[in-house]
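Here's a structure for you.
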There are 2 protein chains.
Amino acid sequence: MSDLLERLRERGWRMTAQRRVVAEVLDGEHVHLTADEVHARATARLPEISRATVYNTLGEMVSIGEVIEVATDGRAKRYDPNAHRPHQHLVCSRCGTIRDVHPHGDPLAALPAGERFGFTVSEVEVTYRGVCPDCA
Amino acid sequence: MSDLLERLRERGWRMTAQRRVVAEVLDGEHVHLTADEVHARATARLPEISRATVYNTLGEMVSIGEVIEVATDGRAKRYDPNAHRPHQHLVCSRCGTIRDVHPHGDPLAALPAGERFGFTVSEVEVTYRGVCPDCA
DNA sequence: TCCTACGATAGACAGAGTCTAAGTCAAGAG
DNA sequence: CTCTTGACTTAGACTCTGTCTATCGTAGGA
């Protein structure tokens with residue numbers, strides 16, 4: 001557990017109680033939390049942690065690539081600590097559950113040059129939608 | 001043009017000046033606008049139209065399937081009147097501009113049965129990200 | 001132990017979207 | 001054509017998510 005914390009330390013991060021708590025919350029969850037959910041869980045362990053710090057810390061983790069930001073429905077972003085392996089998401093349209101999935105092939109290759117309109121395309125995000133077994 | 005307006009009438013919509021203007025704005029644009037951009041353009045033709053009405057009207061169009069809502073990371077949702085033909089989106093990560101693209105192959109086929117976890121997968125949404133020529 | 005630059009904090013602010021109560025008007029009935 | 005009615009519109013307050021700023025605190029090196 002908490003090799004996320006280990007990797008952050010290796011990157012020269014100053015290790016504060018707040019950052020430790022945020023990393024632990026993310027690492028301990030199997031579902032993808034919103035920033036405010038992370039804040040709520042962090043507050044349980046460290047009552048004086050502020051919302052801004054949670055947002056900052058999450059933002060920093062995202063920018064160094066340790067965590068992925070997932071925008072599922074235009075509501076709050078969710079944070080996915082499982083950044084070390086490329087994966088896509090499978091979302092239940094009823095209950096909103098998100099699962100990580102690993103499709104084969106490179107979806108980027110499916111976009112021909114003639115359809116790129118001069119963009120420098122760097123990434124592709126695939127979201128499968130359906131109904132999970134529990135909701136069916 | 002404006003068969004969107006025609007289809008709305010056929011669905012028994014009460015035809016008000018506001019709805020007409022919103023439909024015309026959407027129909028006349030080839031880029032995908034945010035709700036507030038739709039409001040700005042609508043205001044140019046009908047100065048007293050309110051923001052709530054634009055949101056309501058867009059929401060209704062989405063719910064009857066005449067318009068697609070595109071949620072890009074954290075930013076404002078954009079509205080895509082091109083709902084009758086399947087397509088995917090190419091988003092500029094700087095300015096948020098969205099273009100429709102048509103990749104080849106069926107992205108649904110890339111998800112093997114063993115990765116579906118019992119879900120009935122019905123649709124897939126692919127978003128390519130990059131930097132557009134103007135922002136480069 | 002002491003310093004100081006990096007990190008944390010509270011709370012104001014901003015953007016996107018929703019809700020409500022009250023007023024308006026499209027379109028069917030007479 | 002006029003009346004009636006309930007669907008539609010409005011202004012603006014409100015909520016939610018996220019950002020910024022000024023100030024305070026502290027991790028970790030000297």
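Using the three backbone atoms N, Cα and C, a Cβ is placed for every residue, glycine included.
Under the heading Zn(2+) binding site, TrEMBL lists B:CYS92, B:CYS95, B:CYS132, B:CYS135.
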Using a 10 Å radius around each Cβ and all protein chains in view, which of these binding-site residues has the most neighbours: B:CYS95, B:CYS132?
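Result of the Cβ crowding comparison: B:CYS132.
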Taking the Cβ of B:CYS92 (Zn(2+) binding site) as the centre, count every other Cβ atom within 10 Å, in any protein chain shown.
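20, counting other Cβ atoms within 10 Å of B:CYS92 (Zn(2+) binding site).
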With Cβ-Cβ distance below 8 Å and at least 6 positions apart along the chain, what are the contacts of B:CYS135 (Zn(2+) binding site)? List them in sequence order.
B:CYS92, B:ARG94, B:CYS95
Checking interface proximity: list the binding-site residues among B:CYS92, B:CYS95, B:CYS132, B:CYS135 whose CB sits under 8 Å from a chain A CB, in sequence order.
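Filtering B:CYS92, B:CYS95, B:CYS132, B:CYS135 for a Cβ under 8 Å from chain A leaves B:CYS92, B:CYS132.
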For B:CYS135 (Zn(2+) binding site), just give me the three-state DSSP call.
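Note: B:CYS135 (Zn(2+) binding site) is coil by DSSP, not helix or strand.
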With DSSP assignments reduced to helix, strand and coil, which class does B:CYS92 (Zn(2+) binding site) get?
strand
